[in-house]
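Working notes, beginning with the structure itself.
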């Protein structure tokens, strides 16, 4: 093995050359990239000893291995020459170059963008991180980061049913067992987020998982990864590309719109490859579909026929277009680009082959149109061996079955007639005539005449054009597409010529002149003339006229033509009646069919009738939907004006509505809508007033309001255009009227009150707005059952509860008088101002009575419960009479009890702003005398009352936000609900008894001998009423609008100078604290009841402040006495108050429950 020389040199330290060789051997045997400088055995500076695995102990052994393994050592030395090595910079630059070249590589058969372009599209102007942890990037597909995937509660809230973990075991460490109990299906894909990782192997599996989750389970899928920007995004994009046929850029941008994704470049490269593969597969599929038939328009665009039929189908499905609309658009796009289906040479070759094979069996072909029918309709079933042709035929059959089913033989006979009548003309000329008209025909009609053309070309020489079913259908389809190609070229050529010469060329041809004539005569004949008409008059047509044109397209104007009568149709631009081609029931397509037959010289109405059968089934859904809409609107009109009994046919057949539809009648609709809409407000008013009078047993018929002069069409109908203009005028006038009324409301309640009665008939809706003052709830409470009373929104006080139970007769009477005649019917052009004035006076008298009583009660109850007025009343102590005080308290307590017992409507009367309330007082010092005083006196009192309302230091609801005009407005509107609570006037008697829950309290000389029991009673009453109103609020569907306005806002917004705030008494604070603690058990009701108390107290203070201005001295003395009574009651134990209040609350609850059951 070793020579002598080798043995001698054994002890020599290896030379440089040997070192190089040793390194090479090490690299070869050990694959050790950088051997240690020191030997592991002896720490000697010898590299050979390091190679323990092959036990080389000397440089000789290394040399021998080098000699054996690497024959020319010189070459190795040269390769290691430093001059030959690339520097690190060069290597980096080269690597960068290679990477950029890969990223910019856009070599693709299908124009797939390069990776760099994809990255630019994703980054756009800046790179973003996702805003949210989870985003829904496709319906029911969520991309999320790790934190969402491990948050089971959030998954449950999102409704996730499937989880695709793109970082299974590589970042998101969950698994099927992690989601046990959540009914979540899990698929984990173990992929690292590195460019060199192959994620494409998981594309198909992940996409199928997503597809199954979405389609089979109708679930929601969460695709999770570490950050939700790379791996998960790539899997979702692959799903969109595979199952939704998206191109790579479209799929990426679809996801990017919803979430900032940034797949790494390796993944983008794999998506590119997937895109190429999918495009190739689809091209092969399309090639199989149309390759045999040679009917391809280009790469994967489908057959010409398929495109046309698709266009037809899309148009049919489009709601805003008819089944004929848009046909000219389709024509333009198809004809503007001459379509090259196959090369001419290729076509010639195929044609020759076809002729050879076809000659054998030509004698077996039937001699009428049935042969072509069997060729087309029988082909799919009989020639299953040829899948490609079968596919095309099935597509054709499924989409055109309604045309093929009945008509081919008739078409054949028709074509024969055409040939006889047109014997002198050549086939080419015939074809040119057809293609002339093709630029103007609809998509569906185009399909028909293509078939006819094929028939016609088949007929002259059956030996050349026919073949039996057993023949190769491929060649027949080639021939057919060849003819189709010729037709299309001619059509496009003709189309371009026409577009240049406009209609000048049309005049030269029969078809062109006919088309122009039709276009002038009627908008309803052909879809393409519709298109031209609309494009020419696009700027002139209103929305209504466009709708009418659409209606003609839909064929509704011809609905009743089967009987032979034609209803006049006022045109959009030209009011020319629609021509009736025949007495047959026609649709737009059938109209075209007849015209087309006239063009080519024959007319076959039976065929058109046959076509109608198929077409009706095709358009059934759409027509059914329209008819249902029309029927529904007709029923709505009939219900709201039941006098009108006009037929649906006349309304649907013509674009007009009978005059009788607009006369208000005896309506029966229940108004639960938003009465802010002008027309609905008026109609609700009229028919609800009718309902109210019926309930009262005094039903009267609503007087009909005369219509303005409208242009009347045939059959006593009105043109819809004129109706539209007229309605616009009425609406604008009504709006102006409403604005004027609102201005009146802000000026004086007596003027404003004319709105209270009609509006009152609307059942407790959230009428117009709180400021506008239509307190329509006032009568609503009478109309509704007790348990359903709807409290109209606003910050009413406790006492606003009507005592309708105690005064049914009065409420009925006021109902009848208030609403038996509607002041405004649906389209009121004239208003009886005298009647309004009379009603206003009656109402105002009632309101003044009720409000004076109410005001007294409120003040009494308020001052009984609060010592806030103590300081103000000291000065004018002497002026007040005891009688008034007793009367106040009496009425107040009675009203409390009545209101808490009768869970009738909580009306919208707020505490009736201080201005109006004090005006009621101003007209007389005695409440009893108020009943007779007139509106003029009331108004004069209003004018003299200019003192600002009193502002408290705890202003309650939105009172502080209103200016004087809105206070007046609110007063008027809300006090109207006291119309029927007349029974309170009996409570003026200072010795009257009032009953609540079988509890009789004698409140005669209350203030001379007030005791702690009475104080407790008052607390009990006030609190229980708050509770009662809040609990009744539960059952009412109407929202309550309670606001707590801070005192500062009231001071800022009130236009009048402020009075100094009165100090808050300890007694009131006690009451408030106890009410807070008691109401806390009511949860959300607590703040409502408290603000309820506050608004009430605030209204009372305003009223009291106004009264204090020198008007009601006697009342003031009693108030002062009441305040001193309150001071006595301050010593009362809070526990007693709470106990009494709770007892009262329980009683109220039981009563409410009973009332609900009743």
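Placement of Cβ uses the backbone N, Cα and C atoms for every residue, glycine included.
The range from 223-245, 246-268, 315-337, 453-475 that Swiss-Prot describes as region 'Disordered' is residues 315-337. Of the given residue ranges 199-222, 535-558, 559-582, Swiss-Prot assigns the label region 'Disordered' to 559-582. Ranges compared are 830-872, 873-915, and Swiss-Prot records region 'Disordered' for 873-915. Region 'Disordered' is the annotation Swiss-Prot gives to one range among 129-154, 155-180, 597-622, and that range is 597-622. Range 360-392 is the one annotated as region 'Disordered', of 96-128, 360-392, 624-656, 657-689 (source: Swiss-Prot). Sorting each residue of the domain 'Tyrosine-protein phosphatase' (132-280) by its DSSP state yields 72 helix, 25 strand, 52 coil.
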